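J.: Once you've had a glance at the structure underneath, I'll fire off some questions.
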RNA sequence: GGGCCCGUAGUGUAGCCCGGUUUAACACGCCUGCCUGUCACGCAGGAGAUCGAGGGUUCAAAUCCCUUCGGGCCCGCCA
């Protein structure tokens, strides 16, 4: 049984041809003696007519219901001008059926496949995912995803990269996210871990002399879920030998340019999608600039409203909160909301948000024609206010929001407020795609919970500078050490990150030491890496792109789940299969596992 | 671990604030009948809901209170 055409591909040029179609009943319009069926397959819709000339066939067609699976044979006929349907690709023709076989019937589906406006509760969508995936939106998203990943693979191949698979059953490493563990039946009491990323294997492949590696690979992290985070997700993982930061960056820029262009070819398979126009090279911002100007290490560059640092202007004022903050090494920053009205209640909402994020408060000034209305204006002298207004380019009708805190806290708080304002005040053009590189990240950050310095990227990231430099600067101020790391950001979302790696044992050991990892632990967990670095490891570096997130952004979706065929709920459950589930006691016994009750 | 929002026929919603004229409404879908040019077909009729679950307040609870379950968004977490 073979089809002659896909439903969506039949055209006026096929007129008078006998065709054979396979598909699902999308909609039916039963006029009694005349029945229309919209037949759907992956390619789209075509109208099939049972015109009543053949009474037996018509009687059979009367049995048809939504989502029945059919084999249809018939003749392609041109529609009369007044019956042409411009809304579908096949609207100039229809199929005059002369044969119908019902290959399968269908219960009434809990999801209205033909109605794009009716989107059921996500629980229903995931429970009946195979039906949800029949809808245009999801089908188009999955095709779009396939096309872009295929284009990426082709590009990598053309550039001489080898796709090499790395193990899923691997070793748990300290640092980083929580591992998913897999018990080893053959080795009682021992566990594999699913990889958080193929990081160490791709480095070992560089030691192996593979030079250019890539992999479209699943990664696993047992952390709490978000709209853009799933416990398993897909990366385009890349590693190269003998490269520096700019080499990696230019590969990715070329990759994205190529892949987005390739999407244009198949645009009719995912109508409604925008193919972003991008211009190379992407802007680069140092981490510090990104924090200073946008209050985020993944700034959304689709709108302005940058943060303004007024620390030097308030240090000597009588505004105690501001002056004290600056004196103790913190910063005072503000946002200028140009010519927008916000009620006192709305301003208080933003203060609430700031406090939730850990700020002590959020001060505001409403610049009215008769002067600034503000709880804190009285602490400033006239000329002090004027300097602040000048720096913030504030004029009557503007509103200023202030945060005073340690550098990162003040930036993050105003950065979040900025994003909320951007959404609330409609400053964001949903059709624009702003890529940017964030570079010169700090190598370490201090973990308050662990009371020690931890890697901001990962412990294999090469520091900027020489070994002596590193020792000296670490002793003086660990936060001043910069990493040879880079993140790719799109519209305020981190879609990739990478670094030049450490390829010398002595430096790697030094970093482990700084991180406070006991020698024994290092020996146990990372000895294989340290050893490998001693056998002619070339300088190398790479990057990984989060493909789910990238596709989500490009496809205009708000959730990563809309570009994953079978995702999990926020509590990491699969409503379709019921995973995770209890297992048979025999299986537990074989895995040498006892459940603590 | 914490904050916020949601849960009403198969699906999407209204009703909830301020308890009683509600016999829980509307749209889609479903069922029956009619219909030869529709394409969101139309027309006539019909079935379908213990209002997530449990408890409480009250003469009276979808509506108020408490508990609990499930879903979503966020903070923490995500080298």
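Using the three backbone atoms N, Cα and C, a Cβ is placed for every residue, glycine included.
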J.: Quick one: which of A:163, A:165, A:175, A:494 does TrEMBL put in the ATP site with A:221, A:222, A:223, A:230, A:546, A:547, A:548, A:549?
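T.: My reading of TrEMBL gives A:494 as the candidate in that site.
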J.: State the residue range annotated as region 'Aspartate' by TrEMBL; the candidates are A:195-198, A:199-202, A:203-206.
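T.: Based on what TrEMBL states, region 'Aspartate' spans A:199-202.
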J.: If you skip the near sequence neighbours and keep only those at least six away, which residues in the chain come within under 8 angstroms of residue A:221 (L-aspartate binding site), Cβ to Cβ?
T.: A:177, A:178, A:180, A:196, A:231, A:233
J.: Roughly how many Å separate the Cα of residue A:31 (site 'Important for tRNA non-discrimination') from that of residue A:547 (ATP binding site), to the nearest whole number?
T.: 48
J.: Looking only at C-alpha atoms, tell me how far residue A:223 (ATP binding site) is from residue A:175 (L-aspartate binding site), rounded to the nearest Å.
T.: 13
J.: Per DSSP, residue A:457 (L-aspartate binding site) is which: helix, strand or coil?
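T.: The residue in question, residue A:457 (L-aspartate binding site), is coil (DSSP, three-state).
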J.: Taking the residues A:221, A:222, A:223, A:230, A:494, A:546, A:547, A:548, A:549 listed for ATP, what is the greatest CA to CA distance in Å, to the nearest whole number?
T.: 19
